[in-house]
Amino acid sequence: MAAASGRAVTLLRVVFGVRQLGPTAAREWGARLSSLFDCQRRCVSCFAGASFSGPRLASASRHHGQSSAMDCFLGLSQPDGSLTSRPPGVSMHRDEQDLLLVHRPDMPENPRVLRVVLLGAPNAGKSTLSNQLLGRKVFPVSKKVHTTRCQALGVITEKEAQVILLDTPGLISPVKQKRHHLELSLLEDPWKSMESADLVVVLVDVSDKWTRNQLSPQVLQCLTQFSQVPSILVMNKVDCLKQKSVLLELTAALTEGVVNGKKLKMRQALRSQPGTPCPSPAVKGPNTQSVGGPQRIGWPHFQEIFMLSALSQEDVKTLKQYLLAQARPGPWEFHSGVLTSQTPEEICANIIREKLLEHLPQEMPYSVQQRTVMWEEGPSGELVIEQKLLVPKKSHVRILIGPKGHLISQIAQEVSRDLMDIFLCDVRLRLSVKLLQ
């Protein structure tokens, strides 16, 4: 252990440079590192705020055993075989994040790239899948609809391949957008992202018995209009199905019995289910209807089908490796240290809104306005954030604060925990609730 620790700290980061250590000094720092990594993270909470801290070294990311985005940019990232292979975090400083986004990509000799658009109905689990593929939670996730309000971008970089994930809002109709006074971005962003897509991932939550039997009209319309873009079907939460025969039926319906140009052979598998027809492909026209037939409910041009279990990370890993393998020869768009195009402030605001959607009843979270009044680095390298939550009614103030301030304190703690994993530093967050004047 001492030898490994000594090798791990042969280079000590000093401001924006590195200092070479001798064998004796390296062993001393290795011993300190070992004791620090054995320390348990401390957690201190207070009314309407939370503070999370842990052991600290020269870099805020070091006590997590991970490399920050700026470490990658400066060439200080940990090599393969370090404590973890998780992706870099996001810098807490907006100027550092902006610098990384515009920096020339550190491409290998034979780079490959793939732009992937995730499509699905609202609340289908697109952001959850994006976070799993990225290895970090950078997109907000909630059981309520319209958590993702505009197009967000995530980047996976491994070896020669770079996959750019476009996490789009759930596809909605113009009628619904007007009826609920939703942002125009919820209607337009999925269509805009399709114009530059190399691959479309259509996500269906098979645990939702109300929506799982067919692709939404908006998804079908999008697939039809951009039929030249290759697409795959991802069926999520298959472990929630008690009868696996239902999974076969759903597969046949959502693909119209055809995958990669070949008819699915399901008759033998479904033989134990009396009266269950074996679906066969039908001839289709250019729109979303069958020629001389009923409204189309599936898409017969999927190249592959992936079935994901909510409990298994291996399924997500298989999908990730498939996406990396589909990358085509071409220049990277981003430096390998980029995880997302979002600013640190946007990430924070989205995570706070996620918790509001999670904890507040009915339509109340949609009326909360967020205003960041402090964002700075503390004396010990921690991130200090203060945000005001503005609500339109006095009753909303009482609900959001909760009895003895428990609810707002719980929200602050949960947000701080998520942000610490994203920014790879300690986080002190204070939330205050004000009546909107």
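Just so it is clear, glycine is given a Cβ too, placed from its N, Cα and C backbone atoms.
Swiss-Prot lists 1-43 with the feature transit peptide. As annotated by Swiss-Prot, domain 'Era-type G' applies to 112-330, with the evidence given as sequence analysis. Per Swiss-Prot, region 'G1' is recorded for 120-127, and the stated evidence type is sequence analysis. The GTP binding site annotation in Swiss-Prot covers 120-127, 167-171, 236-239. Swiss-Prot lists 146-150 with the feature region 'G2'. What Swiss-Prot lists as region 'G3' is 167-170, and the listing cites sequence analysis. Sequence annotations record features per position, and here Swiss-Prot assigns phosphoserine to S173 based on similarity to another entry. According to Swiss-Prot, the region 'G4' annotation covers 236-239, on the basis of sequence analysis. The region 'Disordered' annotation in Swiss-Prot covers 271-291.
What Swiss-Prot annotates, mapped onto the structure for a quick look.
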residue: G120; record: GTP binding site; CB count, 10 Å: 26
residue: N123; record: GTP binding site; CB count, 10 Å: 19
residue: K126; record: GTP binding site; CB count, 10 Å: 31
residue: T168; record: GTP binding site; CB count, 10 Å: 26
residue: V238; record: GTP binding site; CB count, 10 Å: 20
Folded-back contacts onto the region 'G4' (236-239), same chain, C-beta under 8 angstroms, at least six residues removed: 124-125, 129, 203-207, 247, 307-312
Counts of helix, strand and coil residues, the region 'G4' (236-239), according to DSSP: 2 helix, 1 strand, 1 coil
Reduced DSSP assignment, T168 (GTP binding site): coil
Per-state residue totals over the region 'G1' (120-127) - DSSP helix, strand, coil: 2 helix, 0 strand, 6 coil
